[in-house]
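> Have a look at this one before I ask anything.
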């Protein structure tokens, strides 16, 4: 009961923070267009600015996510949650004051800088908090509930945006972000990894202690470097085949999602003349279907259907959604495609649960941070690929008349993630597989292609 109460406080804090972040999304495209290209429905500069911002944010988060996850293993989840929840207040407060061109560019710069820490870190730490306090067999359902809480915030935020003025939208966002930070600091209890059952950490630093006391005494987890080394992340990716496969799925699914994020609103504005209210209506439908799936459907299905199968079903839904967007012939088609979000929302909780079961309890933050870092790497690459394509195929200089070509590319990327997901077999837990891994330690699992790419990038950055 005590741990359940703590999870309730976590859910409330995540709900408020997510609400504050998402309420501004329906309005931000119109604000950007008015500041950069007033009076136009198609603006390549706005698309490039958004894509550049997304790439820079991804560049920052690819370093910050493993760092934040690692620090949370040492200093606690609550201590690390304070930073992103506080920083997220600043951008909304700027546009709450004014949305002129000069204030927009101030928002643009500060949003880019703060999002390097805030983007994804709250969810990453929330997943690690849940892993600290929930048994393995119950994690998929609780991860699903956490994602459902996010979907509920999505619905409430976009519903509020539908009926609020643009100025009031940003004012409410700043106020609720402040409330989220205060609530979290007052009510949420600190959570540190429980290492009682940890036989030996996967990631080791320093010299091996086998020689001390004949190797009979249990080892204490050693404090690792603040920023995980390339060797440490290599060890993590090699810890199991399943973890490596999950990293590939996370990369290609995020590559698709980043493309959708960078392109969708500008596509709808240029193609069907959408505005803030239409964006809000579409997002409400997405959120309602996602919330119903996560809070009602998934807790019932997750104990009965293997999570790797649910992951594949979710990716299939993403493929269908992208392909339907690519051939959208009328303004009602994007609304109809929201039915696929019922399945798409399976992806994140299933992926996070699969990862959590491959790692010992003392390294949950590190593992979730590593996956978030890989997602951030995809978010760097995605806008660099999809933003120029979107600007090209929405302009008069397109090589052929196919405005939805960008979504065909997104569907292909999701298809790669799907084919990798069906190779994931039944997921053994960390403790059940520990002995087999030790017996076969001489047969090291080679890091995946995306793992190698990620490591090379981290090596250059660090």
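In case you wondered, yes, glycine gets a Cβ from its N, Cα and C as well.
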> Please identify the range among 333-356, 405-428 that TrEMBL labels transmembrane segment.
405-428
> Can you say which of 253-271, 367-385, 386-404 is given as transmembrane segment in TrEMBL?
367-385
> Of the listed stretches (80-98, 104-130, 310-329), which one yields the highest count of Cβ-Cβ distances below 8 Å with the transmembrane segment (142-164)?
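Answer is 104-130, with the largest number of Cβ pairs below 8 Å.
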> Taking contact to mean three or more C-beta pairs under 8 angstroms, with sequence separation of 6 or more, is the transmembrane segment (310-329) in contact with the transmembrane segment (405-428)?
yes
> Any residues 6+ beyond the ends of the transmembrane segment (7-25) with a Cβ under 8 Å from its own?
81, 85, 88, 92, 95, 122-123, 126, 129-130, 133-134, 142, 145-146, 149-150, 152-154, 156-158, 160-161, 164, 169-170, 172-174, 176-177, 179-181, 183-184, 187-189, 279, 283
> By Cβ distance under 8 Å, which residues at least 6 away from the ends of the transmembrane segment (279-298) in the same chain are close to it?
22, 25-26, 29, 141, 144-145, 147-149, 151-152, 154-155, 158-159, 161-162, 265, 268, 310, 334-335, 338-339, 341-346, 349
